[in-house]
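Scroll down for the structure; my scribbles are underneath it.
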Amino acid sequence: MNKDPNEPVSRLHTTVPLRRVLALFRPYRQLSCLIVLLALTGSMLSLATPLMLKTVIDTAIPNGSEALLWSLGAGVLAVSLLSGLLDVWQNHLEHKVGQSIMRDLRLRLYGNVLRQSISFFTRSRAGDILQRLTGDIQKIQSVVTRSVVTAITQSTVWIASIILLLVLDVKLALFALLLLPLHLYPARKTAKARKRLVKEAQRFKSDLSSHLAETTGISGALLTALYDGEAYQTAKFAKLNEIVMRLELRMNLMGRWITMFNGVLPSIGTIMVYMYGGFKVMEGSMTVGGIVAFAAYLSRLYGPTQQLLNLHSDVVSSLAVFENVFEYEDMQPEVKTAEYAPQLPTVTGHVRFRDVSFHYGPDKLTLCDISFEARPGEVVAIVGPSGAGKSTLLSMLARLHDPVSGSIEIDGRDIRGVSLNSLRKSLAFVTQQTHLFHASIRDNLLFACPGATDEELADACRKACILEYVQSLPEGFETIVGERGFRLSGGQQQRLSIARAILKKPRILVLDEATSHLDTQSEALVQAALEQLMIGNTTLVIAHRLSTIVNADRIIVLENGRVAETGTHRELLGRNGLYAKLISSLDNRM
């Protein structure tokens, strides 16, 4: 699958420095040190068992020493029990640190995603974002949980085992160590291939997640049903699902071949030790207990070798996933708040656009040299043909986009010089596309004002002409509205949206064709609610309703991204220009 040329996130790096992965453990240094200490203690205890077995075979049994035999047996049991208890404690702490790191990563990624400009979300698929925040994080969990501890403890056991092997028999130890380099071949040979497969698998999993998100959401499911697209969507899902399965099988098979190869080598080494050691026992230069102890330490040498190589392979292959995770963590929003930007003070609602220009791409300006103002409490209507740039213009007031030139001011302050949160707190938007969360009516309203009381919720709903309907529901404010509010009619959704805006107590209100898709009865109720919301607020409205336009204090007519005309309804009609043509084409609608 080729990389999408319109990928929303630019690559900030192609490789992930290992120190950046290790930096994830920094907040948990003390716990990590305790884990390493527990692991080292357990590993050192396990090294005592072969020496005790050697003593049993070479001393206790031949000499008939029951006391020594009981003592060594008790010692082996005590070491096993203590090692098991330490392992339980260590494992619990490992998972605590691992889960804490996963939690921190998810939180940082989610927070950074929400800080992105709206252009990021228009270019990104929901499934891609979901895969990064859940699937990719889950993929690296096992590496994060055990990587550092495994590397330290197994390296320690590996070194200690070599020393003990040399102490027991130098020649036999050197003979056994000859096989170690063979372990390196399959790990080095397959590491890059596994990383490539992981990267490809994660990409197709992202496609699979996107397909699921698009087709199982209410809009996608409705469209699929209406167009009888079940077979098409299922076939597409099956194709992606098959690709993911095959990639997972290839990765698993590659891993099993490595495991098989590394499993055979210790067996060969053990057989060679027993054969060579057997001859030495026959010569009288080595004891049976010495061979048993040597073989036990050899297994403790091969075991850590295999674990370290597997860890290396897992880390290398997981770097592809770390790249995805850190890529999202490093993203910078296109619209930024200036460092230490002051809060917007108490807003009176004076809005001014000064020579504002904007484009989505480098080839053509969407808006060019737009200038107008709305004084506190005024209603300014923005009209014009479809595609004239009306919605884009007003979206810049909330800094969903920034102009490429010119400025936008509120009460004389350039909005780029104040904090985003204080700017957006002073605004309320009611658009033709209402979004309600799959939650209760209460929760959807509290999103605008988390501390609102029941009385304030009821008052907002009354002003929005929706209180009577809410109270008629069996569960009242606790009624779940469904995904995107699909359990409610379009008019009910809009009135809840207006109630939410009322709770925000804005000084500047933006209405973007808020009644364009409603029937006549719903439109009348929503219009009445909007009139309540507009009282005392500066209102910028993209209008299709003649009464709203007629009553506006000022009308801005846009055409091809430029201001074509400005004036009141009466003034613009008298000029017999574009506005007059638009009005003549209306039947109480625009």
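Glycine too: its Cβ is placed from the backbone N, Cα and C atoms.
As given in TrEMBL:
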type	residues	note
DOMAIN	34-317	domain 'ABC transmembrane type-1'
DOMAIN	351-585	domain 'ABC transporter'
TRANSMEM	28-47	transmembrane segment
TRANSMEM	67-86	transmembrane segment
TRANSMEM	157-185	transmembrane segment
TRANSMEM	257-279	transmembrane segment
TRANSMEM	285-303	transmembrane segment
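The average pLDDT for the domain 'ABC transporter' (351-585) in the predicted structure is 87. Between the transmembrane segment (285-303) and the transmembrane segment (67-86), fewer than three CB pairs separated by 6 or more residues in sequence fall under 8 Å, so the two stretches do not touch. Where the transmembrane segment (157-185) meets the stretches 28-47, 67-86, 257-279, the count of C-beta pairs under 8 angstroms peaks at 257-279.
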